[in-house]
Amino acid sequence: MDDVTAILDHMNPAQREAVSAPQGNMLVLAGAGSGKTRVLVHRIAWMMQAEGLSPYALLAVTFTNKAAREMRTRLEALLGISLRNVWVGTFHSIAHRLLRTHWQDARLPQHFQIIDSDDQLRLVKRLLKDYRVDDERFPPRQVQSFISGCKEEGLRPHQVDAHGDAYMAQMVELYERYQLTCERGGLVDFGELLLRSLELLRDNPALLAHYRERFGHVLVDEFQDTNTLQYAWLKLLTGMSTPMTVVGDDDQSIYGWRGARIENIRRFEQEFPGTKTVRLEQNYRSTSAILDAANALIRHNTERMGKELWTAGNRGEPISVYAGFNDLDEARFIVDTIREKVDEGINRREMAILYRSNAQSRVLEETLIRQGVPYRIYGGQRFYERLEIKNALAYLRLLLNRDDDASLERVINVPARGIGTRTVEILRTRARETGVSLWQSLHDALLDASLKGRAATAVRAFADLIERLDNDTAGLALHEIIDHVIETSGLIEHHRSERGEKGQARVENLEELVTAARAFTQGESFEPPEAGEGALALEAFLSEAALNAGDHEADEFEDCVQLMTLHSAKGLEFPVVFIAGVEEGLFPHKMSMEEPGRLEEERRLCYVGLTRAMRKLYLTHAELRRLHGKETFQRPSRFLRELPEEYLEEVRLRGQISRPVTTRPTPGLSRQTSVDGGGELPSLSLGQRVRHPVFGEGVILNAEGEGERARVQVSFEGEGDKWLVLGFAKLTPL
Ligand SMILES: Nc1ncnc2c1ncn2[C@@H]1O[C@H](COP(=O)(O)OP(=O)(O)OP(=O)(O)O)[C@@H](O)[C@H]1O
Ligand SMILES: [Mg+2]
């Protein structure tokens, strides 16, 4: 009995009520950090201990595999028993388990293979070719997302109505052929896992009855992010008679773009009989400054179910807002602050840097590496290890060295240009036998005609492409070389045609590589900046990129700063959180600014970000950012304005010299600050503190123009930002 009540220890009355309520449908609707996940775990423990529910009668669905592992560990700790085969996992992993167990009823071969989206795309391309479908009118990625979309809505080819439209009819036919190929090959894609397991249960009443009987209770975390198919799956599995506990927060629904339906929360209340709704209103995670600011932000959304959150905690420190003069300065501020905190005794793993777009990690990573701060990217890869970046670098390596076999193999058919594995195999064998590089063997094979027909044409086109890239980029600056290569090779287009967030992220990363190159030649990126021009610069850049990719891999137990996108931070918490790039166009992301619905989703994402912080939150933005290879002035995000000022504190530039303007010319900005006439001017640096006879003390934010018209932007305390012509303004460096 002691054990049982221990489960209710450290719980507030509302939580206790939710944990110990008799089994029946329950919706826990509550804001961030109110203990929803904790209630879910404790409710499971309670049902096992107080009500004798067998661990195997339990089905708990989490959003990520990591969350599933954590839930299992927490349960084991609470119950003091090992829980190896309990049904705790993501929708996909649970569906997979069902299909593996009942492969015959699911009409699958015993050893069916799961294919990821890359395999899926390859398959689509092959189909288009086999059936001679014009891949310009039917771009493979579009076909792929059509198929996935149908599956997410639970539709099989025969259920899709083309409404007499020839284009649609062709799409449906492709879906059908795709499906047939999968069936024949025993292949199951991600969407298929869920749809197939839904059909498995639907078409096998005995089996369905078995599972309805077997599962005494079904629990779902992060319910606000379930999609139509998942909702249908839950409804079928429980038959609305097996009780369900779902927990969620409409304000944290951030996967609308991937088909998640917030309405599922409302539907649940209406459709599942006798649903008891519990609201948790006390937040245990954050200081009141953080929580109240987050509450104020989310109040700007109109589509809300309405919730209140309070905390008994201290007000804590204000939220620090830092305006970097550029993205590099922003990164430097973050990393400096992290190092200070480490000196104060805070573990690195207690600190997280969150950002909206994947590509933002590049500058942060480089700064962390340069300062020797170990970091880990959660739910993603390091910048220089990302697929699209490795592909781009492989092209660049080939320009310098055609005999780089690894690079050649990597990109010979990326983007697809009809060079199959058989052709590559022929080249490889030949290279091995004659002791030459693949590049050489490719030419030999073309000469003696051992490659023929389409293969020969495709291989020749590839060789020509590399030569052409080399010729065309001669004499160009490093960033222009890279820009040209990613455009002309078709790499960027390849990802541009990929719809959805993933393709978008890859395009952004490639553009970020151009930015990295530009920063590199200006000595702002890696060190030391002895880059030189053209091929020399390229060589130096490639070696630095290789260094940044390798070697720094932290071991599993190393104390690391956590980097991740805001999306992958869902459900997690950290004592210290930095959100970087809080700027219009970046966050909210430009793609979402036109549609009110998408903008609200961005605001929810911001709410998720803010509420990850327990003790201290930093919001940073840069006034000048290199984006997509171009420098742009950035405005602070509207989300910053939506936070009440009373919770914010502006961090002042520290007045230290960070970047002498004279040695680091920036396109569009001045090459030097010294002006002719008017005598010698002191050499000034961005970030430097200066005094003006009228405006007082300030910090140099920006500089532009040359000669007499050189101007600097100075942020004066009390006077705001001002642009001053250097020749006239009497600035004294401090
Ligand atoms: N009654 C309580 N007493 C002390 N700490 C609590 C209590 N309830 C929750 N917590 C703590 O508060 C933090 C937030 O809890 P939890 O992660 O379960 O919240 P959540 O509602 O799931 O948040 P999110 O919406 O971000 O997923 C955790 O550290 C948890 O241990
Ligand atoms: Mg949670």
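Including glycine, each Cβ sits where the backbone N, Cα and C put it.
Automatic, uncurated: that is what TrEMBL annotation is.
So that you can see what the record holds, here are the features copied from TrEMBL:
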BINDING   A30, G31, A32, G33, S34, G35, K36, T37  ATP binding site
COMPBIAS  660-675  compositional bias 'Polar residues'
DOMAIN    9-287  domain 'UvrD-like helicase ATP-binding'
DOMAIN    288-571  domain 'UvrD-like helicase C-terminal'
REGION    660-681  region 'Disordered'
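Apart from A30, G31, A32, G33, S34, G35, K36, T37, the ATP site neighbourhood in this chain, defined by C-beta within 8 angstroms of the site C-beta centre, holds D249, L280, N283, R285. Ligand 2 lies within reach of none of the binding-site residues G31, A32, G33, S34, judged by a C-beta closer than 6 angstroms to any of its atoms.
Considering other CB atoms within 10 Å as the measure, the emptiest surroundings among the binding-site residues S34, T37 are those of T37.
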